[in-house]
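**Student:** Structure incoming, see below.
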Amino acid sequence: MSFLPQVFLFLFCALNLISTNAQRNTLENGRRRITVRNSDSPYSHRVTLDPRGRYILEWLVDFPMERIFFNVTVATNGYVGFGLSKKGKMAGADIIIGGVSKNGEPYFTDRHGVEGEAPILDENQDWNFHEAWERGTLTFLSFSRAFDTCDTKGDIPITNNLLTIIWAYGERDDEQEFHYQNRGTFNVYLLDPDLTPQSLNDPNRQPSNPNISSSSLFRITEERMLPAVETSYWCSFHRVPTSQKNHIIGFNTVFPSDRDRQLIHHYILHRCRGTEGTPQFQLLEQASANGGGECYQQTMVGPPVASPCQEIIHGWGVGGRTIFFPDHVGIPMSENGTEFFMLQVHYDNPNLLPNTTATVMVDAYYTSTLRENDLSVLSFGTNVPAPVSLLIPPSSLNHTIFGQCAPSCTNSMLPREGINVVAAMLHTHTTGKEATLHQYRDGRELPWILSDDNYNFDFQQVRVLRKERKIYPGDHMIQRCVYDTTTRNGTVITGGFSTRKEMCLGFVYYYRRIPGIVFCTSEILQESYRTFIGIRNTTFDAARRDVVITDPSEYAGLTVSEYATNNIDWDLGLREELQRQHKYEVQTSICPNTLATGAGNGGGTSNDISSSPAASRRRSNIIRWKRSFYSDDSLLKESEIEKPLRRYSADGTGYVRNTPIVLRVAGRRVGSNLNENEVVFPKDIPPYSPPRQCKIESLLSKQFNFLY
């Protein structure tokens, strides 16, 4: 028999075996019955970890037991390696090695990685082995582990933070021959639900144009010849294929090649205002035909037709995978007839390659069967570009930036019943190492909406929340980002559009949609802070795609980073004072319907407008509106909503839902010494501490002498 038929025979047998297990959904193991996969469960996952289909992983999360069950099916008759790592490295990784020996006996060991050596045995064997077998050329292992084993020396806790799966297999069962001839990594949030159809959620087995039953596909293809510059933002305009209201239920991002993927940093999809037959609609049609133009938010650079395209529909960052939403929400499309979407793409060309094209395809899955609620996106964090207030000293290991949304902003932005957050995404650039979206209400900090203490720029995923979260009027929202700039050769890193600059943003997908509500971000605009930094005014330089200083005149034309790198002596005292000011200095929140709206529309120039007569009138009107709208200072403390999650079903069937209850809440007064849109860090409120996961298991549970 030739080699090629053998390969096809192996693949057929492997797929048939996996299909049989999927239909069965369970594996019997003596006294145990381990559930492998329920296709309707958002906590049951299956991925192919190598492009050749030779290593298949399934896992199921059991929250009541605080345990994850894993199955691996690998094309080998040798050992199988599987592990968890914080950064994708062997050193410090939590590893198991298992298989079936030549005499038919299974073996399984709990180990951890050591720099430059083969993985060594743990003192505590905390991974629980369930089953192993070999059939033909396949080896199967079934095992599980508690979220937190209390073993701080050899195990890594499984939390909501990012983890990297490391995998390997060999041709022999000799564990000492663990040389990783076949190996790889896979970034994942193990505890997150996944509502994506099975045909789309496997990154190494995705068909080029999958057909999802009961939905239609709107593909936006953007191919661009890049200028030979490091950073460029391009806005293109795309007419949607429908004229009646539909709901977008999921997004996928497709790249023709890895080279295209490497040249695209992120994109944001916007909805444009303008109904068919209006002059605005005609301008959008013309812009669509012309291919769009270069554009940057919060500046005057960009096609004029981009100004009515501010509502965010979806965002994608480096490494992001497919996202499908819970089946009681959808993003409206063609709500008032045919409309246009604007796609803003950030192209990253650090090597200044000439005559280089990059292509990205945005797949929007939509259905005419309308869902219960309209979904939209709201962003929190620091204003963009804001290089003066987002300023990180050189060679900083843990410098922290805070972007704040003032209680007065959520008061004016949100309805009485608040909004319901179903998914979220955190976004920094390459020096970000931690990110958290905090929420404060009624004198206490609530559990974080989303947090990742192991943030990785190369994997920015929109994450469906396990429990929906409420944001009410008067809530104080803070996006916190921690940075490590020790690899930047002593350069001051500032906020900006380039990948080499930084951002600190959190995006929430919420219902019910509020048209016109797009962002709530902040800057430090205080004169005392600017005096401390030594910068009085800046403006956006379109040619340099960066913010430059205009005052003091002796530094005019320098970028903020150039000035701060070469003209400030960053001793320890100065670093500590800057960190203190970044946390506790008064910030100005920029949000709709407040005084800060003017601060965000200055054409890229940071001028203080708070004393203008128009600003005073706006502030007075807001105060009067608030006092008439709210009657007391009480706030509801409930912040989580239990809702059943299920994968998108191919037949489009749904389930019975209760009628939502409209809650009435009141806002918290802003301190009398602050302007309406100003905010300070709530330092007198004790910080939220997540409950400790580590629990000493009983001998009974260690031996697993019970049924699951």
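Here the Cβ of each residue, glycine as well, is placed from N, Cα and C on the backbone.
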**Student:** Which is it, of 112-132, 469-489, 595-615, 616-636, that TrEMBL names as region 'Disordered'?
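**Tutor:** It is 595-615 that TrEMBL describes as region 'Disordered'.
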**Student:** Kindly report the helix/strand/coil residue split of the domain 'DOMON' (53-170) according to DSSP, in that order.
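**Tutor:** Final tally across the stretch: 0 helix, 62 strand, 56 coil.
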**Student:** Over the domain 'DOMON' (53-170), work out the mean pLDDT and round it to an integer.
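**Tutor:** Here the mean pLDDT over the domain 'DOMON' (53-170) amounts to 94.
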